[in-house]
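Features of the protein shown, as given by TrEMBL:
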BINDING   His151, His215, His286, His491  Fe cation binding site
Amino acid sequence: GQLPTWLQGILLRNGPGIHTIGDTKYNHWFDGLALLHSFTFKNGEVYYRSKYLRSDTYNCNIEANRIVVSEFGTMAYPDPCKNIFAKAFSYLSHTIPEFTDNCLINIMKTGDDFYATSETNFIRKINPQTLETLEKVDYSKYVAVNLATSHPHYDSAGNILNMGTSIVDKGKTKYILFKIPPSVPEKEKTKSCFKHLEVVCSIPSQSLLHPSYYHSFGITENYIIFIEQPFKLDIVKMATAYIRGVNWASCLSYHKEDKTWFHFVDKKTKKEVSTKFYTDAMVLFHHINAYEEDGHIIFDIIAYTDNSLYDMFYLKNLTKDFEENNKLTSIPTCKRFVVPLQYDKDAEVGSNLVTLPSTATAVKEKDGSIYCQPEILCEGIELPRINYDYNGKKYKYVFATEVQWCPVPTKIVKFNMQTKEILHWGEDRCWPSEPIFIPSPDAREEDDGIVLTCVVMSDPKEAPFLLVLDAKTFKELGRAIVDVEMHLDLHGMFIPEKDLKTEAE
């Protein structure tokens, strides 16, 4: 096929690449050592490259020829890298272990720089052109967080907004929203952007010893949306995991009898909205988008009724009969919540406060809190992406992978949130990755552009490829076949040519 002539830049992707080191194996797919790969588009041609992230974790493991650094699903013993990774720590001081810098989940842009990220306090700078691993940044040197999301948001000024959990401060577990500027003042050119990181606000955890796990958060023009779900980390268990010989993942548990709390932070005042909004227990990883309309916040997420998704990816479950034998016990559901921030304070108890046309409800309770029920938009989609120019604004389209009862995607879809129309792309034995939308330079409409996805074949004898679709019609424009093995990845980003430093710089 043909690539659009305007497509110039790099599609950069990240994900777990290697699961066996020497005689040792990781327990979980999300533990594998990070493998970066990229597709460079130049004058109608595509160049592929891949490279392991040379993290301290990677270097320690390779040097020892076994797994010596613990990951979320795999506890490693004993640890000859003690000089880099803190020793098992005392339960009494509630300190937290020093985590791995195996940044395998996503790519983040900060000013002119790019970082591989995971959910610990470490990120690794990389060169997007050569995939070389550069310096390590520790968030906790600039803000008191031990965990941070891999799904930051970017505002129109290029600032990064991200959230992390602070478990450092004894008895004061909280979620911290922080902002990183894209550049530093001229006179401080030697300093990094992280030195100018500012805390926007913090939200105390409902439970000091059981903070909520979260993978992403939402944003509108004026608000930050944080969902405190009853999928929680047990800090006491985590503090003793090493001594008990269990992995950190076993310290996560789902409390299905609990509520899910919605927090809305006003960006201008940096204060949380005082009304308590909640819904039933659920587990979510990905926010899709959110916006404001007539005094309401509307946000779309993909939610599950249990935490079976994480368990599916234990490698013992990923056998050759994986597709037949592994069934999710909860299908991903795309839910739209409509939350009335401005409502009649004298409204009767039991009345629905949503005044927009929607089947979503927000009912006033006796104690003044508001119980929200969503509108179900569709089922069976994951890894959602939008046209990011519409982030925080009213929008129509989500691009996603289609997953039914099996967690490995077999199709990608374009779903219209307003009309519920759906377009698919899928072929036999194809496992596509998260679809990335790239707007065309003269785009007038939200879906003017293309969609890129990396496709791995379930039959190892068949070559993987990069697929390019017209975002409007979902028709194939072209594919670039890759003659080396490609891995299933997680997330990534497209970097337009103008955002790449020239080699001289």
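In case you wondered, yes, glycine gets a Cβ from its N, Cα and C as well.
Around the Cβ of His215 (Fe cation binding site), a 10 Å sphere holds 16 further Cβ atoms from the protein chains shown. Within 10 Å of the Cβ of His286 (Fe cation binding site) there are 21 other Cβ atoms, across all protein chains. The Cβ centroid of His151, His215, His286, His491 marks the Fe cation site; residues of that chain outside this set whose Cβ lies within 8 Å of it are Ile105, Asn106, Thr149, Ser150, Ser216, Phe285, His287, given in sequence order. Cβ environment of His491 (Fe cation binding site): Arg13, Asn14, Gly15, Ile105, Asn106, Ile107, Ser150, His151, Leu383, Glu434 lie under 8 Å away, each six or more residues apart in the same chain.
Counting every protein chain shown, the number of other Cβ atoms lying within 10 Å of the Cβ of His151 (Fe cation binding site) is 21.
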